[in-house]
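> The structure's right below; bear with me while I get my questions together.
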């Protein structure tokens with residue numbers, strides 16, 4: 001994935017130097033967590049039920065696009081349980097020994113959070129099966145015919161796994177999670193609440209209409225909303241009086257090249273290439289990526305999900321196709337035969 005993607009203000013991934021700010025804005029409890037009401041209610045029941053029984057909760061799998069709060073929920077789960085949180089990621093667990101060391105250091109009721117759990121190496125995943133199910137691991141000592149397996153007990157713990165690609169998890173791993181929850185994109189009104197909370201923490205004077213303006217350009221993602229808020233704050237402090245009004249927000253987002261729908265330069269380049277260079281498609285993602293000078297994974301994993309959700313691009317067996325909404329967005333007349341959307345637009349029912 002290209003570095004340009006990581007520098008985009010509308011990227012749902014954490015950018016360089018953003019981690020500390022991101023942590024400061026994280027909610028500390030389910031009560032503080034805004035959005036995802038169904039998931040919050042379900043987690044509240046799981047947590048309170050386990051606390052009432054004095055037991056360790058079932059293992060929890062959180063899935064959904066990046067930037068929606070999966071890591072925040074893992075931290076909240078540990079805090080609500082009064083437990084310690086140990087954090088790692090799938091790519092960091094390359095060998096079974098890496099996982100064995102982490103598991104051996106757990107104490108009873110600890111919460112182990114594995115981000116990007118779909119990327120865990122197979123040897124570590126197979127060790128995780130036994131740890132999740134029986135709270136033990138088998139450590140192989142020696143090599144060849146003389147190797148022996150030594151069982152080691154693991155303190156009862158709760159695994160919280162996070163994934164942006166639930167379909168990439170193996171069946172045996174997925175089946176070992178007692179509770180699974182999918183997190184959806186946020187509604188603009190929910191993002192307004194996220195922005196108001198962040199503004200209070202950061203000491204930013206944010207008008208209600210300005211918050212609504214930023215929210216509707218945030219692609220349904222709290223992390224993007226908080227990032228755009230900081231960009232607008234910079235603009236307001238340098239070119240205005242520090243107060244963020246709707247007009248200030250609109251002027252700032254124009255400077256940062258984020259339009260009314262939350263699309264940026266790369267999104268518009270993809271739509272422009274799809275319509276102008278390929279007549280609206282269908283066209284393969286690799287060919288489309290070459291046309292905009294990006295890697296295919298960037299187009300497929302970064303731009304496309306939002307463009308599909310916004311109703312501007314449709315996936316077909318023959319390739320990507322621009323919908324009538326994409327042509328309208330570009331102020332172009334769609335070819336004869338191009339109809340409406342193959343899926344609802346963003347925030348539409």
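Glycine residues also receive a Cβ, built from the backbone N, Cα and C atoms like all the rest.
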> Which one, 223, 227, 230, is listed by Swiss-Prot in the same ATP site as 25, 26, 67, 70, 71, 72, 133, 134, 135, 176, 186?
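Answer per Swiss-Prot: 223.
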> So how far apart do the ATP binders 25, 26, 67, 70, 71, 72, 133, 134, 135, 176, 186, 223 get, largest Cα to Cα in Å?
37
> Which entry in the list of binding-site residues, 315, 320, has its Cβ near the fewest other Cβ atoms, using 10 Å as the limit?
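Candidates: the binding-site residues 315, 320. Fewest Cβ atoms within 10 Å: 315.
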> What's the CA-CA gap between residue 186 (ATP binding site) and residue 315 (DNA binding site) in angstrom, rounded?
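Just about 23 Å between their Cα atoms.
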> Taking only the Cα atoms, work out how far residue 133 (ATP binding site) lies from residue 320 (DNA binding site), in Å, as a whole number.
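With distance taken Cα to Cα, residue 320 (DNA binding site) is 42 Å from residue 133 (ATP binding site).
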> Considering only the binding-site residues 25, 67, 71, 135, which residue has the minimal Cα-Cα separation from residue 320 (DNA binding site)?
67
